[in-house]
Amino acid sequence: MLPLVGDLAPPNKRAAALSIVVCGLTLGILIARVLSGVVANYTSWRTVYWIACGLQYLITILLWWFMPDYPSTNPGGLNYFKMLWSIVLMVPKHAILIQACLISFLTSATFTNFWTTLTFFLAGPPYHYSPLPIGLFGLIGIGGMAFGPVYARFVTDKFMPWLSVLVGLLMVLVAVTVGTYTGSLSIAGVVIQAIFHDAGMTTAQVANRSAIYSLEPKARNRINTVFMLGTFCGQLSGTAVGNHVYAQGGWIRSGSVSVGFCAGAILILCLRGPWESGWVGWHGGWSMRKKNHNSSDGKTMEKAMHTQPADRNCEIPPDLEKVDEEMAAVEHGGQDVQLSKG
């Protein structure tokens with residue numbers, strides 16, 4: 001879905017479009033926590049799975065009704081195994097893709113670490129909450145979701161993605177630090193972490209996607225595959241490490257691990273400047289303003305995707321092709337062209 005948004009949205013508005021969809025995905029995770037908590041509190045846990053099954057069928061129907069038709073970005077076609085191999089070959093070609101994957105790995109680890117251990121933390125001392133208020137805690141993250149599209153519209157789409165990634169990571173770092181070291185003293189610390197952690201992670205994710213989707217416009221699905229691999233591995237690692245550390249040392253120790261993850265993500269970001277084309281360095285300067293305001297990454301001029309006519313077999317008449325060529329010569333070459341009337 002997200003690569004399709006990258007194809008359909010204009011490059012200079014891509015971050016805002018991506019932010020809306022990413023916020024919807026994250027909001028679904030948060031609402032699922034609330035819904036499952038309420039349902040499990042009053043009915044059987046199996047009811048949650050029946051609801052999930054029904055929602056999957058509903059999504060299928062909605063996709064059939066509302067998903068637009070669009071042509072293939074690779075009309076020549078690649079078989080499945082060649083496509084998988086092309087993903088492997090793609091990874092070492094783009095330093096910014098590796099950087100984005102590592103940052104996403106670490107931020108996703110902090111996300112699942114927080115939301116997984118939060119259930120144990122709120123159910124135990126000093127709060128002893130029941131499943132219902134723990135589930136309702138997911139509603140707090142909605143405030144952070146509302147921040148994403150507005151920020152993307154006025155900042156991410158206007159400046160280099162590097163700046164928004166840094167802002168997002170700093171928000172996550174501050175949120176995790178406050179929640180970790182004040183959460184045992186006041187529930188306000190946990191609330192602050194829930195709001196700003198989700199907002200910061202969404203900001204960083206959208207900015208990274210905006211940057212990497214400019215690398216190979218015809219391979220956005222494959223680029224997204226690499227990026228999501230890093231994201232899901234981070235989520236799995238955050239859940240496993242967070243649960244293990246929480247069982248041994250409690251809330252503060254598991255939160256301290258997330259602080260380390262955030263610091264590592266900021267370090268990885270700072271190894272490459274906003275204009276660096278290599279693996280490490282700050283070549284190109286410190287400016288955060290885009291050189292090309294019609295691109296999503298500030299550097300790459302992209303052609304519009306999915307603008308082909310519906311009938312691909314429709315041919316342009318030779319006379320019109322000749323006129324187009326002559327007009328192009330006048331505009332770009334400056335020669336005096338005599339249009340034939342034959």
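Positions of Cβ are set from backbone N, Cα and C atoms, glycine also.
Per TrEMBL, the range carrying the annotation transmembrane segment out of 79-96, 259-276 is 79-96. If you count C-beta pairs under 8 angstroms between the transmembrane segment (15-35) and each of 47-67, 134-152, 159-179, the highest count goes to 134-152. Put simply, of 47-67, 103-122, 134-152, the stretch with the most CB pairs closer than 8 A to the transmembrane segment (159-179) is 103-122. Among residues of the same chain six or more beyond the transmembrane segment (47-67), those with a C-beta under 8 A of the stretch's C-beta atoms are 35-36, 39-40.
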